[in-house]
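S.K.: According to Swiss-Prot:
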REGION    1-45  region 'Disordered'
COMPBIAS  1-10  compositional bias 'Basic and acidic residues'
CROSSLNK  Lys8  SUMO cross-link
MOD_RES   Lys8  N6-acetyllysine
CROSSLNK  Lys9  SUMO cross-link
MOD_RES   Lys9  N6-acetyllysine
MOD_RES   Lys13  N6-acetyllysine
CROSSLNK  Lys24  SUMO cross-link
MOD_RES   Lys24  N6-acetyllysine
CROSSLNK  Lys25  SUMO cross-link
CROSSLNK  Lys131  ubiquitin cross-link
Amino acid sequence: MPPKAADKKPASKAPATASKAPEKKDAGKKTAASGDKKKRTKTRKETYSSYIYKVLKQVHPDTGISNRAMSILNSFVNDIFERVATEASKLAAYNKKSTISSREIQTSVRLILPGELAKHAVSEGTKAVTKYSSSTK
């Protein structure tokens with residue numbers, strides 16, 4: 001005897017057991033298909049190396065750079081980035097704002113970098129923002 005209409009469940013695309021949220025796996029580890037051996041995947045290290053190299057080639061096309069020098073420059077860029085971001089965050093908090101705008105970045109650059117260097121940095125930053133704004137319209 002066929003089941004009554006009230007006893008039937010509506011058809012679903014996925015089985016009931018698959019409705020659970022998928023389990024999170026470790027990002028740095030992958031298990032091999034055979035045996036208990038575990039294969040680790042390399043974690044990506046994000047650096048400014050490619051950008052530093054491009055700028056170097058624009059300024060001095062025939063000059064190279066060692067890995068050690070590239071590492072030092074990368075650390076330098078990370079340090080300056082962190083200082084500017086921290087200062088901009090403080091400025092936004094002082095003004096009771098939850099968003100860091102170009103104004104906070106500009107002010108933090110003026111506070112962190114000395115004299116002429118700050119003027120050039122602000123000038124180049126303004127130029128970059130203007131170029132970006134005109135290209136997105």
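Residue positions begin at 1 at the first shown residue.
A Cβ is built for glycine as well, from the same backbone N, Cα and C atoms used for every other residue.
Each of these features: where is it, how hidden is it, and who are its neighbours?
M.R.: In the three-state DSSP assignment, the secondary structure recorded for Lys131 (ubiquitin cross-link) is helix.
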S.K.: Suppose we draw a 10 Å sphere around the Cβ of Lys131 (ubiquitin cross-link). How many other Cβ atoms does it contain, all chains included?
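M.R.: Its Cβ shell of radius 10 Å holds 10 other Cβ atoms.
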